[in-house]
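Since the structure comes first, as structure tokens, the remarks are kept for the end.
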Amino acid sequence: MNTEATHDQNEAQTTGVRLRNAREQLGLSQQAVAERLCLKVSTVRDIEEDKAPSDLASTFLRGYIRSYARLVHVPEEELLPGLEKQAPLRAAKVAPMQSFSLGKRRKKRDGWLMSFTWLVLFVVVGLTGAWWWQNHKAQQEEITTMADQSTAELNADKDSGQSVPLDTGAATSQDTTPAQTAPAPATPVDSTAATQTPAPTAAATQNTVVAPSQANVDTAATSAAPAATETPSALPTSQAGVAAPAADPNALVMNFTADCWLEVTDATGKKLFSGMQRKDGNLNLTGQAPYKLKIGAPAAVQIQYQGKPVDLSRFIRTNQVARLTLNAEPTPAQ
């Protein structure tokens, strides 16, 4: 009768109550049990209160309860009915295995994506090359057009310049005539020769200028000698009065190492030069600053402005037509 009553009493007690009673009979505290089982005191308390922590898997909880039962000498078989209620076993969720075809589809999709990426890359590279080639071709056409224009302008200048020698010759003849006739009045004139030449008109006046000189030569050779000596003495005086022009501080000096097309315009819009310069040539231009320059081959020219070299490296690196403006810098006071 006593055995059956004890068995019924054990069945009425839960797992946590039985473990707590066994611990108290052995005189152990919750701290001591936790240290022996290497558990937290809160975990031991939850087991004795028949609580299942939400963050603890049922498999670990059943293992802790069995270790606790062995520690307090409680048979595990007597705790099995309570374990099923307190820590029931749950079926593990197993993800279904993916078929091999899914991996193949993913690999195929990655292959298409890679092919599309390469296609886009090739298109971008092709467009970039086409853009560069168009710019290069446009620059070459612009240089050719400018060279043709400069050639046409040079031909026009040559055609218009054929009349220049005639004008200069006429001007020199007009200049030399007063120069030749100017010394004539300075020569001594006899009164008899002067009375022989009438002066009613301008033509007669010219004859009177020539006649005294001839009469002077015929009558007295000694009077021609002072006139001859006076003429050379006047030449140094005229030469001394001519001074060399001062160098323009805003002058452009250019030296060419190869054939190059060039156009230079000053502030007034006047074209100081437009045409082709040959290798080993040099050019010195003066005008009103600032100057606007257009150079077909920047690497073929060296420019000095106000005694300083002009940097054209940025145009040489890009191999393009140089368009730049040179501003006048104030010169320091002397």
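All residue numbers here begin at 1 and follow the chain in the order shown.
Backbone N, Cα and C define each Cβ position, glycine as well.
According to Swiss-Prot, the protein has these features:
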type: DNA_BIND; residues: 30-49; note: DNA-binding region
type: TRANSMEM; residues: 112-132; note: transmembrane segment
type: REGION; residues: 155-241; note: region 'Disordered'
type: COMPBIAS; residues: 170-211; note: compositional bias 'Low complexity'
type: COMPBIAS; residues: 219-241; note: compositional bias 'Low complexity'
So if I exclude everything within five residues of the ends of the DNA-binding region (30-49), which remaining residues of that chain have a CB under 8 angstroms from its CBs? That is, six or more out.
15-17, 19-20, 23, 56, 61, 64-65, 67-68, 71-72
Could you give the residue numbers and ranges of same-chain residues that sit at least 6 residues beyond the transmembrane segment (112-132) on either side and whose C-beta is under 8 angstroms from one of its C-beta atoms?
none
Which residue counts does DSSP give the DNA-binding region (30-49) for helix, strand and coil?
16 helix, 0 strand, 4 coil
Segment-level pLDDT (mean, integer) for the DNA-binding region (30-49):
88
